[in-house]
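In TrEMBL this protein carries:
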DOMAIN    3-221  domain 'GH16'
ACT_SITE  E107  active site, nucleophile
ACT_SITE  E111  active site, proton donor
CARBOHYD  N115  N-linked glycosylation site
Amino acid sequence: MVSAYSSSNVSAVSLGFVFMISTSMVAFADKFYQDFYITWGGDYHAKMLNNGDLLTLSLDNVSGSAFESYNEYLYAKIDIQIKLVPGNSAGTVTTFYLSSTGSSHDEIDFEFLGNVTGKPYILHTNVFCQGKGNREQQFYLWFDPTADFHTYSILWNPQNIVFLVDDLPIRQFKNQESYGIPFPKNQAMRLYSSLWNADNWATRGGLVKIDWSQSPFTASYTNFNADACIWSYGTSSCESNSNKRAWYWKTLNYADQGRIQWVQKNYMIYNYCTDTKRFRQGFAPECYLTNFP
C-alpha cells in the first residue's frame, strides 16, 4: 500500500498505461443558492458565501450543519469540490450522498471520517438498495484533502454507479439485476451533505473523541455541477433520448478498470467482500461474480 498523503499529484503505471492524478476543476458550476437550501445549522453554522460560489459547513459543541438539494434526480453525473476539516478532525464526519426516503430507500454515499492531526482521513463509500446497505468500501487518499479543494463525483446511470476522486474512478457498483442483485433505479434521490459529530464510531471505532477545544470545525464546498435527469411530478427530464447525454450511457472501459484496480491495490483499507469475520454466513451475491471489481 502506498503511504497516504504521499503527494497531491501521483504518477502511476498500471496494467500497461500511465496516468496522472490531479485536482480537476468543474466547468459551468452552479450557484449554491440555486440548487440547495440549508436544513440544519442556521445562519451561523452553514453559510453561502462569495455570491453563492462557496458554501461552508461548521460543527461545534452546539450544533452541526447540513444542506439538501431542491431537485430530485433519477440518474445523474454529480461533481462537487470539497476541502475537508483541517487539523485534529477526529470524531467528525463530513458527508456527500444521494438518498431517497423511507425504510426501503436507495442511497449512494461518500463519507469522510476525520482523524487526529497527521493521520489520514478515511474515505468511506456505501451503496444502499431497497433499504439494505452493508456494501462498504474504505480508502485512504493519496493527497491531503484538507490542504486544497478536490473533486468528488458520483456517476449513477442504468448501467452502473461509479465513485470518482479527481476524475479517477475508485469504485464501481454494476447493475447486475440479471443475477438477482438489486440496483437503484426506481427511486429518485436528493443530494445531501452534512458535517456532524460521530465520535461514537468514526475514529478508531469510537475510541478517539472530538476535541471541542479545536472547534469550530469547518468544511468548504465549491464548484457544484449536476448533469442529471431531474425527477418532477412523476416525470424524468431524460424521458426523451435527445436529453440523454454521454454520461447516461457511460460504463468503465479497460483502462478505467485498471485505474480502479490500482486504487484498490494501493489505497483500499476495507472491502465488504473480504470481511469474513463480519459476514460469517457468506458475502453479498455480487462478491462472488468474477466481473465484480
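Cβ atoms are placed via backbone N, Cα and C, with glycine included.
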For this session: Tell me the Cβ neighbour count for the residue listed as 'active site, proton donor', meaning other Cβ atoms within 10 Å of its Cβ, over all protein chains shown.
Result: 19
Seminar exercise, completed: One finds that other Cβ atoms within 10 Å of the Cβ of E107 (active site, nucleophile) number exactly 19
